[in-house]
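> The structure follows.
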């Protein structure tokens, strides 16, 4: 029963489906399938289908071979071209051999009297002489050529027949073929016509047609885009040759009945006639020849203008679209490709100047690839011979393989993909207009935060999308071509992670602005370090600060392997600190980093633990690299220096003696024997007038020579404000932030809160259940705050917080950060910043005085004004910074004591920062800037006072970082380490120190270098100097005038301007005081110090000195840029107070123990204290 049910179920399954009629699958294992196969029953219904049967016919095969197939048709057309040219050569040969027209007659015919019409002997025109033994072989070859041409013409006509016989027959090409081939074929069968004249020279036009078709087939067969202009030039030359050749042969033949001129005389006449010279020595006599000349001139006047018009049109299009970089040049020369959406003049010129500043790149060729046309200004610049021989423009898209082939990207040494940061978006323009008409108010701020920022950032997001697609397209087309990509927004960086070098603008920009708050003018330092310069800027200036500032700006970062270096080769086996100090002392170069190679394992100041090895890659700052430096022994220069020293004034010589005292003490220390085992202490007399000199730098790291600081309190024991109004122990931890702001972010260890701050407490002026603070002064922060004014919160702002909360910064030095945003931030941004201590935000604008006062601008240490995205929607590029400049100028006038750091779109607008119409110092700088531009300097704006002081920055200044990475592959990594965007285990970090009155005994930068290396193992890399000078007014600038009336008038004008400024400052003071009073803020913080602050600002100038010479004198309030080693590297800590030292028997000095009260005594570490040998020096 069970078996019967199974059989019934199987038969039911085998039945066709009642819905579709498709039978179900058979059982898997059956006996018949094992015998016949699984698909044996299905093969009976299968039908084999053959495809493309239409190509199996004889006609279709002929069409494929003669017409459709590119390579075979190219061979056919080339053979046809050779046949036509051969027929023309045979005709010329026959014409040159037929010298006697009187013998021309019908073949084997009797001579009959010649009948003339209009006194012309027609027999030489109708008949030619082919009866001689020399011309008979020519006739035979002509017959063979005619037969081949005739058969080919018939075959091509048959294959290209499209249903209209009249259209195929009445064709100029077909008629010419019949005229030049049929008569020769007839002469085979009828001998009397063998001497008949056939105009075979007309085959030149058929040869021109074959050449045109061959060029088209050649482009298809080679799959390459031949230049249309070059093809048109070839066709034009072929047309001219055909006209000339037809005229020569026609006139020579028609003159057989007259003068019987030869081929050369006919050629002479045609050339003279077509060139409109007309000597008149050879002229046609017969009216037929004259008619021939007239016809050919008319034909030339009709055909040639058309050809020239086409060529002119193609030339204009080529100038717009650019040409193609030839394969031969790509294989024999080096070139790079620059891709961008829009080629802006400033960006391209910065790239060319920086790229060709390197000596190795002088022979490189630059190919510009962009979909937009060149503007007139850039086209004019690129037409200069300096760039015309090295730069080529191609209009095309990087997403089209055809355009990439034109640029020969697969053979390029590198491809730069630049982003157009100033590209205006239509939606952004409309949003900017709506936002300007509708000011922000609390009622609809939520709506604006959802719409306006998205529209305004659409331009940058869209540009990044274009950049990403270009990078993908280039990598797909040329996988071996190195990519140098510029990205605007950090959240898009991970899409181009495969590129060899990537620079994210927002990432570097915000990190640099943050470091500008920690180390003043660090933006200027990095900008000057990234630009290629010889240090010759400003050397002709009369101002001393401009000369030394320009000379130090020539310092750049170079690299060399220790085994190949003369600078550092002698320090093999010595510590890094020792090598850095002695290299700077001996050669004037600053060793700042070490690495395994040019890219990996780079460490900033690894400290004395690192011992120099042969394979180490040394990174140093110098005016030029070691390979381009000459070494002159000091002994050879001794006499010259002695003569120079004897000519110096007495005061100068005294200063030189004082500056050299430290070196003398150092040499005495080296020559004095030491005894480290003697620990007897002798207290020096307190009334001694001697001070300790600087300790020597140890050659190698010795743990027993590392004392512990005696008087520095532990950070964990220090009582600080918690940033919310209460005095408590800092509840911070050092860890990685728990929230990543965007994909691809490199996490850094920072100071974090143990518990996340509620979102309600992040808003500065919003009282909540946790606190009731409304203004910044209510929080009672221990340190001054940093205000960041931005349009909206972007993920890039996260890179502003990280350097300010880095683990390298002490807890007691953390500055509160207040984001003054025009639009409410989203929850993702709040989630990212809520783990950081003392980070707040508030909705407001810098053009609102109340918002600035609520944000605490009176107590702010720095105000950072970020460039607005909506400003890029301006119709004129240079007007994009107009709103920012005016608002910053207003802030400066209202709060002159606040340090304002401004980001601008165009660096040229920095001359308007803190603008004064009668600022004679600024006018002198403007004149110097013009001189530097005339000299072709890349840093003509470097002498502008706001830039030199680090108060202005433009993101375009970072473009050179990407350009320099083509030669210096380590620059991006090095700058990231310097700005705190990355970290290598054992690498140091950037910090700064201010020179106080107690530090002036060091006197020179070289002695400071030694002091920092011997005490804290820090490497100085530069100085930020502020010089106090009197106001540059009329008294300082007015030259002796011949007329006292003019001098008196100028002085009266200056006095009147001073009174006007004093009255204006009084009005501004009253305005701010009234708003402070209305808001309920304490008025004592905004008092009478404004005049002093404004006076100090205008009577001082600040600038940066990169790696100055060791004899540079230190001045009060100098800020020293230092590279501090990692916290895990123990370094010496040398006391400088005479009361804190004790003299030992061996002459060395060690710190004296302090008598501390029990309540002030702190627990000491178990680490053994060791001495640092310090030599006494005698005051000069």
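Just so it is clear, glycine is given a Cβ too, placed from its N, Cα and C backbone atoms.
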> Pick from 114-137, 138-161, 258-281: which range does TrEMBL record as transmembrane segment?
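Checking TrEMBL against the ranges 114-137, 138-161, 258-281, the transmembrane segment one is 138-161.
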> Of 229-251, 321-343, 344-366, 367-389, which range does TrEMBL call transmembrane segment?
229-251
> Pick from 194-216, 286-308, 401-423, 424-446: which range has transmembrane segment per TrEMBL?
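That would be 286-308, the stretch labelled transmembrane segment in TrEMBL.
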> Check each of the ranges 74-93, 94-113, 454-473, 474-493 against TrEMBL and return the one annotated as transmembrane segment.
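It is 74-93 that TrEMBL annotates as transmembrane segment.
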> When you get a sec, could you say which of 990-1015, 1016-1041, 1042-1067 is annotated region 'Disordered' by TrEMBL?
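Checking TrEMBL against the ranges 990-1015, 1016-1041, 1042-1067, the region 'Disordered' one is 1042-1067.
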> For the transmembrane segment (173-193), could you work out the same-chain residues 6 or more beyond its ends whose Cβ comes under 8 Å from its Cβ atoms?
87, 106-109, 139, 142-143, 146-147, 149-150, 153, 157, 199-200, 202-203, 205-206, 209
> Which sequence-distant residues neighbour the transmembrane segment (229-251)? Criterion: at least 6 residues beyond either end, Cβ under 8 Å.
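Sequence-remote neighbours of the transmembrane segment (229-251) are 88, 91-92, 95, 199, 201-202, 204-205, 207-208, 211-212, 215, 261, 263, 266-267, 269-271, 274, 284, 289, 292-293, 296, 299-300, 303-304, 307-308, 310-311, 314-315, 318.
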> For the domain 'RCK N-terminal' (783-923), how many residues does DSSP put in helix, in strand and in coil?
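Helix/strand/coil tally for the domain 'RCK N-terminal' (783-923): 59 helix, 29 strand, 53 coil.
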> Using a Cβ-Cβ cut-off of under 8 Å, list the residues of the same chain that are 6+ residues beyond the ends of the transmembrane segment (138-161) and lie near it.
59, 62-63, 66-67, 76, 80, 83-84, 86-87, 90-91, 93-94, 97, 130, 168-169, 174, 177-178, 180-182, 184-185, 187-188, 194, 200
